[in-house]
Amino acid sequence: MDVIIPYTSDMPCGSQKMWWAFLASSMVTFFGGLFIILLWRTLNYLWMVCCHCKGKKKDVQRVSNPVVLSDGVVKVVGQREAEAAVTEVGWMTSVKDWAGVMISAQTLTGRVLVVLVFALSIGALVIYFIDSSKPIESCQQFHKDYTLQIDMAFNVFFLLYFGLRFIAANDKLWFWLEVNSVVDFFTVPPVFVSVYLNRSWLGLRFLRALRLIQFSEILQFLNILKTSNSIKLVNLCSIFISTWLTAAGFIHLVVNLENSGDPWETSRNSQPLSYWECVYLLMVTMSTVGYGDVCAKTTLGRLFMVFFILGGLVLNHCILDNQSWILLQSHPNVPSFCSS
């Protein structure tokens, strides 16, 4: 009896879906790193408890030497422990301080890096906009696809910057769960998978839009924004736009709500929606206009829209309240005009 092999190298690229490989690369990176950090913390805690218990028994017999640690605490240890502690604290502190200086907004190098990361994130988002006109998953040759090559160069820089931030972070666990770190987890690894598999998947690349939240911070570095009211206004607008673009990408690409149909439906109930049609749909939804020319037809799409409407109402309420406060602070005569 012949053995049937479901996959061969001669199989056309478009006849199989490999989206799970892209998603798995991000999930393994995130949860694998999280597991290593938690394991390291657990082992470090057990080691400190064990050494503390043993240290109480040997305090009288130990020949001690004072060692001043990086935080100014004086610890009394033995001769060999003193030399090892000074060496370890010395190189670890120097590397951490160097990384902290590199990304610090108080230095020129740190500001340049922050502005450069923001600019490259916008560039990666523009590449995502260009690729959104293509199928969600398509076959691409790395040496022929110039957008993939540029995106690869951007993500290599993001990876290096992520390493600097990780080294400089005081709390590794909190750093691992930050929004910017999560954005890197779900955007950087899939690019390397794209090069290996010679195919492209839009995936979660729209998360780069969350970098727009830092727009007011970038303008402060460039000395464009100087007043608190202007900073708050730009910050509110950037939060609104980043939420808008991210939610549109979520509908169009991640869950494939309107492009694939409900998975439990035998008859396809999907509709072809481009990314910009999803942007239009969410704008009409958030503004509570609801023209009805574009709407969600799948159950998953409608379920997402329900939660998005609730979140959009809360976001709009917060934005309007803050804008009203900024307007009242900028124009003191507005209250008397409104009351009259």
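For all residues, glycine too, the Cβ spot is worked out from N, Cα and C.
No curator has checked TrEMBL annotations; they are predicted automatically.
For 20-40, 112-130, 150-168, 233-253, 303-320, the entry in TrEMBL reads transmembrane segment. Here TrEMBL flags 113-315 as domain 'Ion transport'.
Same-chain residues lying 6+ beyond the ends of the transmembrane segment (112-130) with a Cβ under 8 Å from its Cβ atoms: 102-103, 105, 147, 150-151, 154-155, 157-158, 161, 164, 187, 202, 205-206, 208-209, 211-212, 214-215, 217-218, 221-222, 245, 249, 275. Summarised as a single figure, the pLDDT of the domain 'Ion transport' (113-315) averages 83.
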